[in-house]
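Summarising the annotation, TrEMBL assigns domain 'Fumarylacetoacetase N-terminal' to 7-111. Annotation comment: TrEMBL describes D119 as Ca(2+) binding site. For Y121, R135, the entry in TrEMBL reads substrate binding site. Here TrEMBL flags H126 as active site, proton acceptor.
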Amino acid sequence: DADFPLANLPFGVFSCGRRGPRCATAIGDYAVDLAALAHAGLLSGLPFDARAVFSRPALNAFMSLPRPAWRATRARLTELLAAGEDGSLQQDDSLRDAALRPLSEVTMHLPADIGDYTDFYSSREHATNVGIMFRGKD
């Protein structure tokens with residue numbers, strides 16, 4: 001019933017309270033602070049420095065990793081968030097409070113730092129519109 005079940009863990013960037021933007025995923029109605037999980041050592045088995053990658057205010061470092069790193073991250077998050085699997089979040093109240101925030105209490109941010117280039121030819125509609133701008137409708 002939720003938009004974000006275990007089979008659909010999106011990645012994004014959020015902030016809450018006085019802490020700055022950081023990387024997250026969502027499960028149900030909660031944002032999951034990936035930096036908090038990494039700092040607690042729960043992502044230490046991943047093939048990259050999760051603390052460094054997920055403490056950033058954008059997903060660029062994560063997006064630049066190869067697909068096996070993405071798959072490993074998704075698999076580890078599924079382990080952590082599945083009921084009865086890894087009990088870390090279920091048993092540690094302070095970790096749960098640090099890592100899980102109701103989506104209604106967070107501010108979502110642009111998930112990536114975007115450069116100054118836009119590819120207007122990425123779709124047929126954009127290419128047509130750009131062509132009309134330069135050549136007219138005829």
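Cβ atoms here come from the backbone N, Cα and C positions, even for glycine.
Just so you know, TrEMBL annotations are computer predictions that nobody has curated.
Feature map: annotations from TrEMBL on the structure.
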residue : record                       : CB count, 10 Å
D119    : Ca(2+) binding site          : 8
H126    : active site, proton acceptor : 13
R135    : substrate binding site       : 8
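Calculated from their C-alpha atoms, the gap between H126 (active site, proton acceptor) and the residue listed as 'Ca(2+) binding site' amounts to 9 Å.
Here the Cα atom of D119 (Ca(2+) binding site) is found 19 Å from that of R135 (substrate binding site).
When pLDDT values are averaged over the domain 'Fumarylacetoacetase N-terminal' (7-111), the model yields 92.
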